[in-house]
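Undergrad: Sharing a structure with you now.
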Amino acid sequence: MNGTEGQDFYVPMSNKTGVVRSPFEYPQYYLAEPWKFSALAAYMFMLILLGFPVNFLTLYVTIQHKKLRTPLNYILLNLVVADLFMVFGGFTTTMYTSMNGYFVFGVTGCYIEGFFATLGGEIALWSLVVLAVERYVVVCKPMSNFRFGENHAIMGVAFSWIMAMACAAPPLFGWSRYIPEGMQCSCGIDYYTLKPEINNESFVIYMFVVHFMIPLAVIFFCYGNLVCTVKEAAAQQQESATTQKAEKEVTRMVIIMVIAFLICWVPYASVAFYIFTNQGSDFGPIFMTIPAFFAKSSAIYNPVIYIVMNKQFRNCMITTLCCGKNPLGDEDTSAGKTETSSVSTSQVSPA
């Protein structure tokens, strides 16, 4: 084995030299130079500095403006709440541990940080699944006259939380475990060992299949059918130009969110899968650290995409920041009236 396994950790370095120590008790500067740990701390500070204001602002503006409280926006706000969980439950912890060079909060702190990081990522993924299904049902119309209403949105939010908990909670109760990963300053699911006493192998397979592959398959199925339907509708002029434009803009925004999610999380999932399927292989701490920390940037992109691509929200945000007045004088009257076929109650205004 090219790593050192302890009771609650796995350090990606052989202990033949005798330098490996518990990441809960000693600085891990034998894994990487101290400046690299400082760089990780600075990176996490940047994510906190950007992630908290932009997510909190998105949440606050939506609460302040009643016209933004549409059913589809409930799902988008669910993404924001997931991001805030990651910022408070994960980023602050990881920044402090990186500053110290090891996981100073101990095993319990590792479980808490790993839980919030996993929960936030899974809520985001399952929220994107709900958005994809909503877009598919609304645009492709497999069920005629379906209207995505408030009850559907609430069920979608509840579903995303149930599925996320089904992924993040089992390690807390003995099915798999959370351990430090990479440079040992952040925690995640144990992909490094089979650990038969906690049935780790079965959990990792369950997680990859149920909480990664299946959601992505649903998303790709929905958008694959959706793209074909939009092209066909445009060719046959089945909907009004305004309706087609609104549906395309909403769909484009959600697709960009999906692409951003894949960019952030697929490298991490790929590396984790490689490590799991190549037990004992030789890899350095940086190999897992870079994709793990890159995945954390996902807490920023959803609200940014929402702000950039939603003109109605931008106007509301400017009005809120300017104490009730929009200096640009660009109140989007059409945004509040955007008509999307069979789904006027779930509208998200186009940019």
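Going from the start of the chain as shown, residues are counted 1 onward.
A Cβ is built for glycine as well, from the same backbone N, Cα and C atoms used for every other residue.
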Undergrad: Per Swiss-Prot, which of CYS185, CYS187, CYS222, CYS228 is disulfide-bonded to CYS110?
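TA: Disulfide pairing in Swiss-Prot: CYS110 with CYS187.
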Undergrad: Can you check whether Swiss-Prot puts LEU68 on the same side of the membrane as PHE283?
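TA: Taking the topological domain names from Swiss-Prot at face value, LEU68 sits across the membrane from PHE283.
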Undergrad: Using a 10 Å cut-off on Cβ-Cβ distances across all protein chains shown, tell me which of the recorded positions (CYS110, CYS323) has the largest neighbour count.
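TA: The most densely surrounded of these recorded positions is CYS110.
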Undergrad: If you draw a 10 Å sphere on the Cβ of CYS322 (S-palmitoyl cysteine), how many other Cβ atoms land inside?
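TA: Excluding its own Cβ, the number within 10 Å is 11.
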Undergrad: Going along the chain, which residues at least six beyond the ends of the transmembrane segment (203-224) come within the CB cut-off of under 8 Å?
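TA: Here the qualifying positions are 122, 125-126, 128-129, 132-133, 135-136, 163, 166-167, 170-171, 175-176, 189-191, 251, 255, 258, 262, 269, 273, 276.
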Undergrad: Around CYS187 (disulfide bond), how many other C-beta atoms are within 10 angstroms of its C-beta?
TA: 33
